[in-house]
Amino acid sequence: MDTKGGDNAFTAKSVHQNTSEPMYSGALSFMRRRYSRDLNGIDVAVTGIPYDLATSSRPGTRLGPQGVRRASTNLAWAPHFPSGRDIFAEMAVIDYGDMVIDPGHPEKLPEMIEDHARDIVQSGAKMLTIGGDHFITYPILKAHAEKYGDGISLIQFDAHSDTWEDDGDRIDHGTMFWHAAQKGIVNPSKSIQVGIRTHNESTHGFNILYGPDVQSMSIDAIVEKIKATVGDNPAYITFDIDGLDPCYAPGTGTPVLGGLTSHQAVSILRGLAGHVNLIGSDVVEVSPPYDVSDITALAGATMAWEMLNIHAVNRAK
């Protein structure tokens, strides 16, 4: 199977010979990649988890995977900018499709998400997930820890720390990183939260670049802080789209003013390419019902595209 190429479903004949399918037509997948559940020889599997049963505010992130896939067609027609890298010539990338969510059994879904992630991670492919609310990162991290060991470095872009203390039974998109730290899945001292701009009494040992700090720092300084914190430890990037200012990402459940600009976000991710040991990543909390002109979905697709670029640069080293 030619996983590095596209697929005949995503090309069309024209008077100008073969050309990419126009953005407004064709089958819907992330970056026009082939849909497949065959992980043999795959470098990165992109998957959607349309789950928003743990959200505490505005719903709709279950529609995030569809929205991000649709917006990704705006990016799929050209090599990566500004590097010019032909990512899909260098890596085998597939769209693994969505995990099937049965809302009738909410108590089973965390384990089902973990199983879904385990299938991908244990194959040797890197997992790039489109959410869904931010709770999904917790079972995904558990699956990664099985393969890469506990003490993962979390690189978290977010308006909220998501480390509020909780009991062990609740499923919530604001407490999961407290659980992950308590269980040793992530190492807070080697993890960093970027863009936080809501109050929490305790850092729980996480390194934090608060929203005002980020606005007063250069891109290079932010990148260096992340690199120094994480080192060569296995790292997982989670990008909550509310890490961006609402003017760049209105379509999310819990928007907070004073966030990252889209330029800052993509520049930081580009600065990490080749410098962090990326084992997996996700983009979460895109809620299309609250979006305006698909700008949040496009932001989510672009962050995911930059995560693919990190994998490509790392693989080429």
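Any Cβ shown, glycine's included, is placed from N, Cα and C.
A TrEMBL annotation is a machine prediction, not a hand-curated record.
Over in TrEMBL, the protein carries these features:
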type	residues	note
BINDING	His134, Asp158, His160, Asp162, Asp240, Asp242	Mn(2+) binding site
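Where TrEMBL records a feature, it is marked here on the structure.
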residue : record              : Cβ neighbours (10 Å)
His134  : Mn(2+) binding site : 30
Asp158  : Mn(2+) binding site : 26
His160  : Mn(2+) binding site : 25
Asp162  : Mn(2+) binding site : 28
Asp240  : Mn(2+) binding site : 28
Asp242  : Mn(2+) binding site : 30
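Following the DSSP three-state reduction, the secondary structure of Asp162 (Mn(2+) binding site) is coil.
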